[in-house]
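As recorded in TrEMBL, the features of this protein are as follows:
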TRANSMEM  A:6-27  transmembrane segment
DOMAIN    A:11-87  domain 'Glycine transporter'
TRANSMEM  A:39-60  transmembrane segment
TRANSMEM  A:72-91  transmembrane segment
TRANSMEM  A:98-119  transmembrane segment
DOMAIN    A:101-171  domain 'Glycine transporter'
TRANSMEM  A:125-145  transmembrane segment
TRANSMEM  A:157-176  transmembrane segment
TRANSMEM  A:182-205  transmembrane segment
Amino acid sequence: MNEPLFVIPLWADLSAVALGGLQGALFASGFRGQRRLDLLGVAIIGIVMGMGGGLIRDLLLNVTPTTLQSNWYLITAVAAALLGMLLATILERVSWLIVGLDALVIGLFGAFGTSKALYLGLPEVPAIFVGVAAAVGGGILRDVLMGLPVAIMHVGSLYAVAAGAGCVVLTVSFSLGAPLTAAAISAVAVTTVIRLLAVVFDISLPEQRALYRRKVAVETSAIAVVGGTRAADNGDAGATG
Amino acid sequence: MNEPLFVIPLWADLSAVALGGLQGALFASGFRGQRRLDLLGVAIIGIVMGMGGGLIRDLLLNVTPTTLQSNWYLITAVAAALLGMLLATILERVSWLIVGLDALVIGLFGAFGTSKALYLGLPEVPAIFVGVAAAVGGGILRDVLMGLPVAIMHVGSLYAVAAGAGCVVLTVSFSLGAPLTAAAISAVAVTTVIRLLAVVFDISLPEQRALYRRKVAVETSAIAVVGGTRAADNGDAGATG
Amino acid sequence: MNEPLFVIPLWADLSAVALGGLQGALFASGFRGQRRLDLLGVAIIGIVMGMGGGLIRDLLLNVTPTTLQSNWYLITAVAAALLGMLLATILERVSWLIVGLDALVIGLFGAFGTSKALYLGLPEVPAIFVGVAAAVGGGILRDVLMGLPVAIMHVGSLYAVAAGAGCVVLTVSFSLGAPLTAAAISAVAVTTVIRLLAVVFDISLPEQRALYRRKVAVETSAIAVVGGTRAADNGDAGATG
């Protein structure tokens, strides 16, 4: 199967890759497990978070990965990851920015994935699946590479649900005759808003909480027993610290 | 490479997907680690167990994944998983049914994988490999997503051996001129019977044992320290319970 | 996309597969975690290390996997792994051989990956990425299957850097007009030498050290807190029990 003529505008695609890489670096530098990541590790996480979604999408669609058709994807992902690492201390204070970024990235990867799948003629349900897989796939790869529990299986419902909602909106409006670009923009908006609302109405930040919980899980996996209370204390300290 | 005209009958393919999804849900609900799965987690495991084998097969063959060509695969996998979750308490009592189901699923995925590979012109050995990968691939993905030790590496020999035997039978009889459908049916029978015999002559249920062992491993990974003896006791209790 | 006419000579390709399988078996038999691998486990690790790089390369390039086009790849990988298991006790004494072998394998997979990518018309940066992914991909799959921390994320910088350097040399010299074969041979040499120099000037063997560190991490993950001595006791008890 040859690469079809469906083209996500390069600037939009690269923006998603850059935001993904940035988010990956912030995640990685926020992670204080037993093992620290070196520069190369951060670059890898940036590539995985910036390009993983697109790679998984194209593997599922059996087309040549778009992210490997141009030098810019890898350069952008790595540059964004290194920038993210440099800015980590500043950006961690503005955690609403990280959450917003994250919500936008999920929305973008989901919308790009479902759009491309519909364009290639996939039926509605698999098109939604491809979008969700593209939205959450980078995070799954990241967790597997970093040896963390896969977030989506335990705490990530909000992710997949937000991504799924956007992809459903895209698919339905496209089926009803809306132009693909308009449908995709609505999908990004829907996913981002749902994700942000979920965060807001959950009072604290689920992703941060998840991150801490996972960090704590890693750190205390051995210690948990020594005393249930101590483990809990530790967790709370982490959350408020 | 374009999708060839090789078509596994949709009802047969969907049956395998449904059985896989059901089996996945039973596994997931039987799993009582530190972290419980939510509804979405069960649906994901259902998709992975019902569609993972077919996806891996088609990725290895470099053809467009059949499971994404129709809405029914995802709907079937998710519906079977949710049904499995509802019926878990009932079905867990009839554990021979779960084991039988499991054996049948391995047989079906193995036979479909090897058939498709042979049909596409792959040589014998890789055709067998693709069948085995399709048979055990869903379980590997499940273990990685759930953060469990990959069963096939430690306790799963019987799985891979049973799947391999069926795929060898298929390949040999096809090479000797048997029609593909007949060869595939024999392969399913061979795999299922070997797997069931293995379970019967192992007196207790290896997969159950494995499951317990893994559950115990997860549960006691932190507790092991409190005392080597207690950990061992716990393990034995689990194995005999 | 049809398989292009680019052909790595079968003997060269099979040599890399054999060396990879051998190296995989040595790694697996050197690994003494809580769970030992059986014969099948060693064969799987051999396949993963011998064929994983080529499979990942061809998935990224969206071409039919070369390693599944002939019976010889799987036969070679499994035979090499079983041979490696038999020779493990002898070969472990000549650890410089293992390190040399390993360096050569990384060089070969990296050079084959980048060559094929360039031949298929990929731009420079993704061609280097494909080479590095092919060089380190087998090891990542191995670590995930064996439930080990993914080496490349924590201690494997030297691997990826050595592979990357070779792939850069290949790409640059090819862009400057050097014939692909000559460029590939230089790349293998560069990667192997860098990797060996890194090992030599690091005084001890990083890969061995990493292996030990990982083994220790696995064995003591639960026990770390209470006390090193008890931990060791517990481990021994488990092994003899």
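Using the three backbone atoms N, Cα and C, a Cβ is placed for every residue, glycine included.
Under 8 Å from some Cβ of the transmembrane segment (A:39-60) lie the Cβ atoms of residues 13, 16-25, 27-29, 66-67, 73-74, 76-78, 80-82, 84-85, 105, 109, 112-113, 116-117, 130-131, 133-135, 137-139, 141-142, 145-146, all in the same chain and six or more residues away from its ends. Within the chain, the transmembrane segment (A:157-176) has long-range Cβ neighbours (under 8 A, six or more residues past its boundaries) at 103, 106-107, 109-111, 113-115, 118, 124, 127-128, 131-132, 135-136, 139, 151, 182-184, 186-192, 194-195, 198-199, 202, 206.
Taking Cβ pairs closer than 8 Å, the transmembrane segment (A:6-27) reaches residues 42, 45-54, 66-67, 70, 72-73, 76-85, 88, 91-92, 98, 101-102, 104-105, 108-109, 112, 115-116, 119-120, 138, 142, 211 in its own chain, all 6 or more past its ends.
For the domain 'Glycine transporter' (A:101-171), the mean pLDDT of the prediction comes to 89.
The list of residues near the transmembrane segment (A:72-91) in space but at least 6 beyond its ends in sequence, with Cβ under 8 angstroms from a Cβ of it, reads 10, 13-14, 17-26, 28-30, 39, 42-43, 45-47, 49-51, 54, 66, 97-98.
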